[in-house]
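Right, one structure below, let's go through it.
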């Protein structure tokens with residue numbers, strides 16, 4: 001089928017702008033809502049690329065800067081209607097930020113703030129410490145992690161980190177207003193994004209034991225069936241502590257200290273004390289303590305290959321927050337260990353430079369972000385700068401290998417491929433601040449175009465944003481709330497050539513290219529689930545685009 005593929009939300013006035021055609025055409029026009037021509041241009045033939053399987057043609061209309069609603073027309077085919085405006089992404093930004101409110105655990109979502117997506121309080125019982133004969137623990141609050149109702153320390157810490165680094169790097173994020181209720185402990189001066197992040201920080205504090213270690217997760221023993229959160233009344237379990245969770249919490253509390261001290265010194269000091277307590281536990285327990293589910297449990301495992309990157313992040317975050325040289329020394333030693341691991345690893349869960357990895361499974365790049373914020377002339381800060389520039393250069397090279405200008409290779413289309421892209425967009429938006437190369441911006445904007453519909457599925461991977469936005473996330477509350485549309489702003493996991501779930505496996509044997517390994521179906525947890533740490537990198541990257 002002939003398609004004109006375009007960012008379905010739109011473009012900023014002075015941003016690069018393109019559409020991709022999967023059919024031959026020589027010329028194209030941009031017309032307004034009344035059919036009046038606003039721009040004519042020549043189509044450039046790129047050719048076939050491995051990730052889309054399409055013979056692609058590119059229509060560049062970057063020269064059109066006048067605000068308005070437009071369509072692309074070529075060879076009798078039309079795109080969806082999109083906007084050109086400096087406000088083009090205002091709704092998108094509000095939606096992706098407010099999703100964290102909709103994912104709150106414990107709190108009732110009121111009609112005043114959640115509208116038709118309201119629900120009663122959930123998961124208010126104390127949690128049993130699995131395998132220990134101790135009193136149950138109150139760990140209420142925080143955010144539901146994903147399509148399930150679990151709450152996971154490492155995942156939550158990384159999502160919070162994306163948001164707080166977004167605040168540190170791009171001040172505009174503090175000015176995003178999206179109507180959420182006042183949170184406990186807010187003295188009335190917290191910007192909305194920091195009020196929402198406080199919800200998760202308060203929960204993560206409860207996940208820390210008195211000795212500083214941190215429970216890896218709190219979930220039911222197995223995933224709940226598809227029901228509303230308030231109807232999930234199975235016993236909650238706190239599963240064992242891990243050095244992964246403890247290091248991530250040490251890091252994110254130190255980062256949070258640097259932000260919240262401007263608004264609430266007492267709260268910030270509490271975060272720092274808990275960060276130091278976690279870090280002391282790490283020093284007292286130098287051997288890695290990884291995490292694996294007990295037999296019979298199927299909730300998220302969030303296992304990692306090593307804890308070196310987590311400890312590195314913690315040391316870097318504490319050094320940035322305190323300027324204490326002992327953390328620099330620790331980070332230097334951990335850097336050496338991580339380089340050795342990276343050199344010898346038989347199987348890596350990441351592409352590119354380990355010091356720019358920004359996801360829950362490999363967090364060294366988060367440590368690098370703290371070093372970039374330090375802005376010092378020393379070996380580690382130079383490593384961070386050089387790593388981000390080198391990785392951005394790699395991504396630009398990859399982006400030139402397909403007609404979409406997308407900085408993803410065939411191996412990036414894994415479970416949560418959209419997060420892979422969004423992490424790369426974080427790298428590019430950070431690298432722009434180090435070395436403002438035009439090609440970084442092109443690759444960054446092309447990534448956003450892909451997420452918002454300029455892809456061979458012709459679908460926007462953000463609910464409620466774009467004419468053909470996906471509508472069937474693997475998400476319990478939206479599956480059973482009897483409301484036709486899911487709440488807006490959710491980011492889909494996206495195409496996954498592994499096709500890991502039963503519904504996705506119906507695509508096997510069809511010889512599909514990676515970009516087309518996708519179904520918008522509620523059963524497709526390996527293609528169409530959502531999670532807090534798929535929204536958070538988009539918040540960071542979009543903040544960079546809007547800066």
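Just so you know, glycine gets a Cβ as well, placed from its N, Cα and C.
Non-local neighbourhood of residue 148 (active site, nucleophile): 219, 223, 224, 299, 300, 476, each in the same chain, at least six residues away, with C-beta under 8 Å from its C-beta. Under DSSP, residue 148 (active site, nucleophile) is assigned to coil, being neither helix nor strand in the three-state scheme. What Swiss-Prot lists as active site, nucleophile is 148, and the listing cites sequence analysis.
The 10 Å shell around the Cβ of residue 474 (active site) contains 24 further Cβ atoms across the protein chains shown. Marked as active site by Swiss-Prot on the basis of sequence analysis: 474 (among others).
What Swiss-Prot lists as active site is 520 (among others), and the listing cites sequence analysis. Annotation for residue 520 (active site): same-chain Cβ neighbours under 8 Å, separated by at least 6 residues, are 459, 470, 471, 472, 492, 528.
The feature active site is assigned by Swiss-Prot to 529 (among others), with sequence analysis given as support. Counting only residues at least six positions away in the same chain, the Cβ atoms of 146, 147, 473, 474, 475, 492, 493 sit under 8 Å from the Cβ of residue 529 (active site).
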